[in-house]
Structure formats: structure tokens, C-alpha cells
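Student: Right, I'll just put the structure down here and ask away after.
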Amino acid sequence: SCKSSKREWKPLEDHSCTDVPWLLLFIVFCVGMGFICGFTIATGAAARLLSGYDSYGNICGQKNVKVEGIVNSGLDLTQKKYVFFLDPCNIDIVHQKIKSLALCVSACPRKELKTLADVQKFAETNGSTLCSYELQPSEYTTDPRAAKLCPKYPVPESAPIPFFHRCAPVNISCYAKFAEALITFVSDSSVLHRLISGVMTSKEIIMGLCLLSLVLSMILMVIIRYISRVLVWILTILVILGSLGGTGVLWWLYAKQRMSASAVETQIAKENLQALLIYAISATVFTVVLFLIMLIMRKRVALTIALFHVAGKVFIHLPLLVFQPFWTFFVLILFWAYWITVLLFLGTTGSPVPNEEGFVEFRMVGPLKYMWWYHLVGLIWISEFILACQQMTVAGAVVTYYFTREKRNLPFTPILASVNRLVCYHLGTVAKGSFIITLVKIPRMILMYIHTQLKGKENACARCMLKACICCLWCLEKCLTYLNQNAYTATAINSTNFCTSAKDAFVILVENALRVAAINTVGDFMLFLGKVLIVCSTGLAGIMLLNYQRDYTIWVLPLIIVCLFAFLVAHCFLSIYEMVVDVLFLCFAIDTKYNDGSPGREFYMDKVLMEFVENSRKSMKEAGRGGGAEGRELKPM
């Protein structure tokens, strides 16, 4: 009973700051991320990335400091603002860089130069020397060193890359080898060309279909509450027919082979017959167990349908929830853009060091070389923090909706009210929860990296152990993510710290284990059917539209792009729906545990859930001949 509980749940009664030390730790960590960015900019990495630098360590477009032991370093290249590669098509696929002498030039060759004489004429006409600094333009055709110090001809037509001051060939056909290495399934360049041309020529249709998937996802979120019962029946019928059909076929095959085996007695036939018998018995046991589980779970399925119905109402009262994936995705894109920018800065930071070819490379030495790891941890933790903020925001808004008896008294914008509570009180809890996920993600990523590096080298036992560890960590991560989400809901309800909220939520979930199982199997499958519906609808529309465009040689790639985008959009929107259902369930479980509908302890729940409670009470009274009506008619299962 609720009186025996150590602490009663008090929804939305008071607010207090939670897990403040973790918030301070997260702020310190973010300051460290900012220090990495500041360090790379202060040491010239940003200038080297944006302005470009030559093979001698000179930054283009400015005066440079002499590097000891490197000729042609320390030059004044104020007038030479572009990086030019003597052999731009010589790409090191393994290290993903251009293996060519790089120079700073004042202009990129805007037309093809076929001979050294053309290179010399270009230098005299435009004042842009495309050969190494020690050669004068007049020496291009006479000096024997020109073969090594001048560009490989014909010099392709080039244009500067916007913002990055690199001369890049206009015709990218010389990158075909690199493209083929990245796209290993395309062996014929003509196929690659047709695929790309198909995408480019059908870009309007692709954009239209992507918009269609967006609209379908938003419509499905509104109507899924009306079709949830139908989806459950479809699921039940498919499972029954599939299990019965599979078992029947196995027994039929066994009986057929046994009758025919009497004529031909061979060892192989006996083994096949024995295997079929084992399969048939296993399928029968599986079918019986499945039927028993469905029999036990049948009443819990009614709760899943009711929760889906109420979730649809939540989206009507809180329409801004629909746009939650947009804001989260936008913030993630901004952070990832910043992270990649700093990563590129890190690639050009460090001290100038001569390499084996006598050119300059920038490498970090000492403790600074571990900044990569810090930056990688930052990617995981801050990304998880942003996703956790979304979970807390959704939980706070749904909790406000559920525990407000009069829906007319809801705040004007419950989402903004939830964001306000998150920022003022619960950022520390979110930081702690996201850090726990990060602690699991990092070892899994390290093991995946080791597995990739050792592919083909390790023995079968080591490979199996690695995969088992990766799988276990993945399962642990999923379990912790689910528990975290419920902990955020408990924090939104009671304003308790992360550990207390996680413990309270875990107790509630354990008490309602069968209901949790029903919601996470039936509910997830319903949402999966919703994703399949959106992808199939968008794909069908794509086939009909693209089929009438006879100009497209290959429209398989546009269709794949559209279907992948449709699945991504459907997943983003329906994951919000799943989140709302999970929050509603925890609120419902708490409501039924601490309230019984009597005066002073009225339920908070919606009338659809109230009908479910009444039906449960009736069935329990009939089962207990009235004996179960005295105490807790609806004890958590």
C-alpha cells in the first residue's frame, strides 16, 4: 500500500535543483572542449585549414616564420592565396590525402595547360607560378629540374574551393579511383555515372517524396490512436497463423518423409527424418508457450491500446510535441558541425616536423596528442546530453498533461514550461544520465574498432568473444537508455535526483513487469508497422512517379534515398510517440498505485484509461467472487 512506502509521489508539487555537482562537471568538460577549439585557433590550425598551406609549412596569403631545416619555409606569400597541387589526382586512398607537392599560387589555372610552355605562358600572363618556388618562369622549359618541380601535365582546369582556398580540378573524373574505393559495389564507372545522373535529374521528385514522408508521419501520429486496436488484431492473427502454419508444415513434412523413408533406408534419410522430428517438436513447444503467453498477456494488450489512444490525445493538446524531433535534430546538426570543424582544426594543429620526403607535416607531441580522445568523448557525451534533454522535455510536458486534472488549466505552452523546468532545475540529472550511456558506448566503440582492425587476423574464438562482448554492451546500453528515460520521468514528477528517480522508476517497472512486456512488444510492433506503412507508401508513390519518367536510365538509387529518408523521418516521429506512451505508462502505474478513486484520492487518468481500470476491477471481482473488492482492486501486475 501507499502508506508503507518510504516516500509518497507528489506530482508537480515542488521543484528543486537536482544533481548540481554533475552539472558543474559537465560545464567544466564543455569548457575543456572550448579550450581545444581555442588552442587549435591560437596555434594557427584554423588559419592553416581555411587559408591552406604548402608542403614547406607556409600558410598561403600571409607572411610566415622560418622552420629550421626546411628550405623554402618562412616566405612572404601575401599575394599567393591559393593552394595548388602539382599532381592533384595522386590520391593516397589508405590515408585519404593527396600525395603531391603543394604550393601557394596567386591564381588557379582556369583552363587546361597541356605543356610546360603553356605553364610558362600562364605564369607570365597571370603572374601565378605553378612550379616550385626555386624555379623562375623563364627556367620552366630549360631547367632539367622542371620535370620534378613543375606540375604533371596536362594540368587540369581548376577552380578555387569556396572558403578553403584550394585549387580543385573542375572535372572530377581523376577522382574516379577514390570514388570507387569508397563505393566498392560499383565496379563500372558508367553505372556510377548513370546512378548519379538519375539522382540529379530526379531531385525535384526526391524532395517531393521526402516531404510526403514527413506529412505521412505527422498524419500517422494523429490517427494511430484510432487504428491501434486494428493493428493489434492484425498482429495477433499473423502470429497465430504463422506459428500454427509453421508447426503444421513441419509435422506434414515429417509424416511425408517417414512414409517415403520406409522404402529407402539410408543414413542420410534417417538423419533428415530425425532432424525434422526435432524441428517439429521444437515448433510445437514454441507454439504452445506462445499461446500461453498470449493468453496471459491478453488483458495487458488492452492497456497498450488505451495508452496509444491517450497518446493521440496528448499530441492534440500539445501540438508542439510534433516538432520536437526538428529542434533536437537542428541542435545536433549545429553541434556536429562544430565538432567536425574542430576535428579538422586538430588535423592541422601541432608543431612543424619534416617527414621522410623532406616536406613539413604538423604533429602534436606530448600530452596534447590525447586531445583527440577528449574530443571524441565530447562527441558522445554532448550528443547523448542533447538527446536526453529531448527525453526530459517530452517527459516534463506529458507529466504536466497527465497530472493536471482540468485540461483547461494546462500552461499555455507545456513544452516551453517543461524546457524552463529542465534548464532551471534538472540539467545535472540529464548530464549524469547521458554520462552513464557514454560510459557504456565508449568500450563498445573501442571493441568494434579492434574487431574491424583484426578482421581476418584473429582466430574464431577471439572473434566470437569480441562479438559477444559487443552484443552484451549493446544490450546493456539499450536497457540503461530505457531506465534513464523512466528516471527522467520520475524526476519530472517528483523533482528527485537521478539515482533516486532511477530506483523509484525501477521499482514501479518491476511491479508492472507483465504490462511493461506487453507495451514493449505489442506497442513496438505497432510502431514498426507504422514505419513500414510510411516507407511502403512513400516507395509506392516513388515507383509510380519515377516509372513515368522515361528519361531516367536508373532510378533505383533515387528510390533507395527516398525510402531511407522516409524510414528516418518515420523513426524520429514515432520514437517521440513511443516516448510519450512510456511516460504515460509510468504516470498511469504511479496513479493506480497511490490512488484508488475514493474521495481525496481521485485518479488523474483519462477516461479511456478509467474504462480500462473499471473493466479490470469487474474481471477481478468475478474471478475473486467479490473477495478482491476490499483492498487494492488494481494492484500493479
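Glycine too: its Cβ is placed from the backbone N, Cα and C atoms.
Taken from TrEMBL, the feature transmembrane segment covers 20-42, 205-224, 230-255, 276-296, 302-322, 329-350, 370-403, 525-546, 552-574.
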Student: Counting Cβ pairs under 8 Å that sit 6 or more residues apart, are there three or more between the transmembrane segment (20-42) and the transmembrane segment (329-350)?
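Tutor: Answer yes: the transmembrane segment (20-42) meets the transmembrane segment (329-350) with 3 or more Cβ pairs below 8 Å.
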Student: Please figure out which one of 230-255, 276-296, 525-546 racks up the most CB pairs under 8 Å against the transmembrane segment (205-224).
Tutor: 525-546
Student: Counting Cβ pairs under 8 Å to the transmembrane segment (230-255), which of 276-296, 329-350, 525-546 comes out on top?
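Tutor: Out of the listed stretches, 276-296 contacts the transmembrane segment (230-255) most.
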Student: Which bits of the chain, at least 6 residues beyond where the transmembrane segment (276-296) starts or stops, bring a Cβ under 8 A of a Cβ in it?
Tutor: 236, 239-240, 243-244, 246-247, 250-251, 253-254, 257, 514
